[in-house]
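For reference, the structure discussed in these notes is given below.
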Amino acid sequence: MGALCSVIRFENLQELKRLCHWGPIIALGVIAICSTMAMIDAVMWYWPLDTTGGSVNFIMLINWTVMILYNYFNAMFIGPGYVPLGWKPEKSQDCMYVQYCKVCQSYKAPRSHHCRKCNRCVMKMDHHCPWINNCCGYQNHASFTLFLLLAPLGCIHASFIFVMTMYTQLYNRISFGWSSVKIDMSAAKRDPLPIIPFGLSAFAASLFALGLALGTTIAVGMLFIIQMKVILRNKTSIESWIEDKAKDRIQYYKTGEIFIFPYDMGSKWKNFKQVFTWSGIPEGDGLEWRVREGCHQYTLTIEQLKQKADKRVRSVRYRAVEDYSGACCPVTKGVKTFFTTPCTEEPRIALCKGDLILATRGLKHWMYGDKVLDSTTDGTKQLLLIILQEANLVIVLAV
Ligand SMILES: [Zn+2]
Ligand SMILES: [Zn+2]
């Protein structure tokens with residue numbers, strides 16, 4: 001009993017930690033403001049509860065809020081599902097087809113990726129969403145997408161209430177002249193007069209809530225379209241990127257290979273049913289996946305391994321010409337370096353003059369690469385970020 005209590009307490013603590021982040025705080029704040037204002041506006045100034053329409057309207061507003069919060073918390077607390085620690089392919093000879101995660105100390109299951117924020121390998125990882133402060137992946141893909149659908153729908157209903165409230169309340173107070181529009185907020189000129197007057201602060205609050213609701217409708221609606229594409233193609237954002245790189249690689253080496261993405265079942269309905277099921281639990285176990293004809297379990301992971309090897313071949317060697325303390329924003333390396341520092345949360349490590357770096361990917365002022373820790377042993381490298389200043393290597397930062 002004691003152990004159970006401590007487990008429950010521990011879980012609550014984890015959930016609390018997940019909530020205490022700018023993403024969930026802002027998201028829940030927007031939901032609270034829009035739904036509360038919509039209910040207040042509707043009942044007090046637009047559609048009273050003693051009418052049938054008003055009651056139905058109010059119940060619908062509550063319904064949106066409950067369904068939005070239900071899917072939001074499900075996406076957040078159920079989470080994407082992690083690859084079990086110590087996981088490896090059933091047949092030991094298949095280990096050579098999958099990547100190994102040094103952090104989790106286990107093999108990466110097909111479609112899984114290591115998330116630095118979650119610090120675990122995430123099943124069918126799409127992206128780490130700051131708004132739910134969790135990854136979007138195998139287990140929470142449906143609830144996450146439902147949230148993205150319901151939030152704009154609820155916001156559209158709320159926007160309608162805000163506009164109608166402001167219109168009906170202001171219409172009584174507006175006088176139109178030949179070249180001017182005057183608003184008299186002191187009292188309504190005509191009936192009906194609400195019990196609580198619709199004052200300037202109520203008008204300002206409704207206008208603010210309308211802005212929030214419209215902004216949310218557009219922003220979240222776009223995210224919904226993106227996620228629907230991911231689901232209907234059965235191809236996560238990361239996998240789209242891998243597919244692009246596969247085409248690049250084949251074109252570069254002119255190997256004549258044809259890369260077929262293995263998880264798209266060829267039918268949007270079949271892809272949809274893999275994520276959305278009546279039980280709410282997605283199809284499969286998140287580790288083994290149904291693949292289309294001509295592909296097998298490791299089609300994608302083998303392609304990933306090829307890309308990794310290719311990255312090593314195509315990398316360029318650099319040597320650090322200055323020491324670097326590992327500070328996030330280097331202030332002692334000149335103004336230009338300071339202002340071209342990438343805005344990432346990625347941690348950086350210190351470097352000494354003369355350190356050898358293997359750069360694999362270049363941005364305008366920065367390069368991603370590996371630091372060669374010991375030239376005699378292969379594989380003991382760390383991923384790095386490099387600042388380049390007019391082709392002179394200045395600083396190397398770790399990712
Ligand atoms: Zn991992
Ligand atoms: Zn994550």
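Even glycines carry a Cβ here, placed using N, Cα and C.
According to TrEMBL, the feature domain 'Palmitoyltransferase DHHC' maps to 99-241.
As annotated by TrEMBL, transmembrane segment applies to 25-47 (among others).
Per TrEMBL, the feature transmembrane segment maps to 53-73 (among others). Sequence-distant contacts of the transmembrane segment (53-73), counting only residues of its own chain at least 6 positions beyond either end whose CB sits under 8 Å from a CB of the stretch, comprise 27-28, 31, 35, 38-39, 42-43, 47, 132, 143-144, 146-147, 150-151, 153-154, 157-158, 161.
Remote same-chain partners of the transmembrane segment (146-167), defined as residues 6 or more beyond its termini with a Cβ less than 8 Å from a stretch Cβ, comprise 31, 34-35, 37-38, 41-42, 45-47, 57, 60-61, 64-65, 67-68, 71-72, 75, 198, 203, 206-207, 209-210, 213-214, 216-217, 220-221, 223-224, 227. According to TrEMBL, the feature transmembrane segment maps to 146-167 (among others).
Per TrEMBL, transmembrane segment is recorded for 195-226 (among others).
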Close approaches to the transmembrane segment (25-47) from elsewhere in its chain (Cβ under 8 angstroms; 6 or more beyond its ends): 19, 53-54, 57-58, 61-62, 64-65, 68-69, 72, 131-132, 151, 154-155, 157-158, 161-162, 164-165, 168-169, 194-196, 198, 202, 205-206, 208-209, 212-213, 216
